[in-house]
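Structure, as structure tokens:
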Amino acid sequence: MDEFTTAVRGAAGRTGTYTHTVRHHAHRDLILIARTPVEPDTRSPRHKALQTALSAGTIFKEPAVTVASRDEDGVETGYKITFTPSLNSGARGFQTKVDEALAALAGHHESGRTWATEWTPSEGYLVMYLRAPLPTRVDHPLALVDENLRHLPYATGAANLSLYWDVSTKSNKPHCLIVGPTGGGKTSVIRTLLTEASRRGIPFLGVDPKMIELDGLEGYPGCAAIVYDAVRSAMLVRALHAEMMARNHYVHVKKIEPSQLPLLIAVLDEFFILSGKWQRLAKDEDEEIRAQIKQLDPLGAWADLAVLARSAGIRLLLGVQRPDASLFGSSSGNARDNFGTRISLGNLSQDGALMMWGDAHVGREVDTSIPGRGVVTALDGSPVDAQMWWTPNVDPHPNKWNQLSKEEKAIVHGLTPTESPTFEFFSTELREFVESERALARRAREYGDAPEPSVLTDFATDHDTVGADDFADAIPASAVTEGMVILLDDDDGDQVPVTVDTVTVMRDKDTGDVLETVLSINTGGRVKTTVHFDATEVVMLPEPDTVLTTA
């Protein structure tokens, strides 16, 4: 009988339209053959591909894929995937990997939109849905995108969502950290944030050790000063510290709420270069300069500001080429939390992604062919892809202004406020510093000059050293890798390029924070030179740091 049943099913199975059952009623000498129509598989190829892949894999236990939504033409636009909850399903890293795999399986959608997922691991399901692709360019809107004057918008996310830096007293992300390589759009983002601050009545001041990033903002409405000199920068940081203490004292004596203090934004661009210059000044041959830097202690003042400035109405905007814990001084935990508004441009390294986003996978596959594309902090604190707004150089100097297109000039004119924000100083230190810096800047504009370039006619050279300030970049000593070329002082105090042989980083066994870094330099002899750096020291590089462009 079994052979007969197999033969019947084999003969009928060739059509695939029916299933057959065979029953033998022996007491009636009857064989009953019944056929039932096969329900057609109406699932789309995308639906079947998702179900087949999930069923064949070990990602989920008992996965089931159903269609969650269709458009007006009946095209599937969303799927619900149910599964048995597990520890993995609640982990962000696991979710990120699954998101990437599901998007690849679902493939390109007919609408041109991209796939996204929304997880509900506690209830054992996720929903795949479509979202509009990010724009490839967004010019800085002239209208106030957010009417809250304490929200500084700077980018557009999925579904045309505006992303902003919340500088209000109630913000749990009061300070902003921008990470990006040279040419990655960091300067434009800083311009966007500062022009938004100006039109919302918030003044700012800044430090630009490269002398090319923020110089166009000097004289802009709301700009108290832009400082370029390393010693003057140290004086500014110390004056900001005095301003912070004076503001806190004012709140204490007047019995007012901190929210009643006027806001002030302080920008420190290229922080590691600035830190490297301070480090060299602390070892300068001039005893007076060494004593001045020691007294100002800019890194110590900065560490205090990173932790305490938020309650004094001072907001910090920090620009660097790579993230590192040494940015936040000794109180790295508290300070890092205060820098909750984060923007990364370019592709991060694995360590950089972990430092910025707490996830080694986020920010590592940014489409760098699109200027201004990056990952930012969303309103809920999670990292999301975003397109930064383009803000042209606002420098009115003819050499810069004449390079702008008609449309770009219209943006600059439209963003410039009719009334400049008011500066309110609570400390004599910051007021006197700004007054002196403005006087120096005015004198530099009136009498300053730069030598014309000369033509190199003699290629002969008898040394391979660089000037005291002639280094291209700086990075934390703990970020140095074997084989990297760095600059070290020789016996004459000149910086010479050397190749690092080995790197030893000593960390706190409990927190993982860097305590000391030891670099071993092979100078060609039998004895290697070792150089010790503390947790916050940096090393100078003869070439720009490329970690973000090569990661």
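Quick reminder: no glycine exception, Cβ is built from N, Cα and C everywhere.
TrEMBL entries are annotated by machine, without manual review.
Noted in TrEMBL for the protein shown:
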{"type": "DOMAIN", "residues": "160-354", "note": "domain 'FtsK'"}
{"type": "BINDING", "residues": "Gly180, Pro181, Thr182, Gly183, Gly184, Gly185, Lys186, Thr187", "note": "ATP binding site"}
Would you report the average pLDDT that the model assigns to the domain 'FtsK' (160-354)?
91
All-chain count of other Cβ atoms within 10 Å of Gly180 (ATP binding site):
26
Provide the number of Cβ atoms within 10 Å of the Cβ of Lys186 (ATP binding site), excluding the reference atom itself.
25
Give the sequence-ordered list of residues that share a chain with Thr182 (ATP binding site), lie 6 or more positions from it, and have CB atoms under 8 Å from its CB.
Gln321, Pro544
Within 8 Å of the Cβ centroid of the ATP site residues Gly180, Pro181, Thr182, Gly183, Gly184, Gly185, Lys186, Thr187, which other residues of the same chain have their Cβ?
Gln321, Leu345, Gly346
Out of Pro181, Gly183, give me whichever of these binding-site residues has the highest number of other Cβ atoms within 10 Å.
Pro181
Please work out the number of neighbouring Cβ atoms within 10 Å of the Cβ of Gly185 (ATP binding site), leaving out its own Cβ.
24
Other than its own, how many Cβ atoms are within 10 Å of the Cβ belonging to Gly184 (ATP binding site)?
25
Have a look around Thr187 (ATP binding site) and count the other CB atoms within 10 A of its CB, chains all included.
22
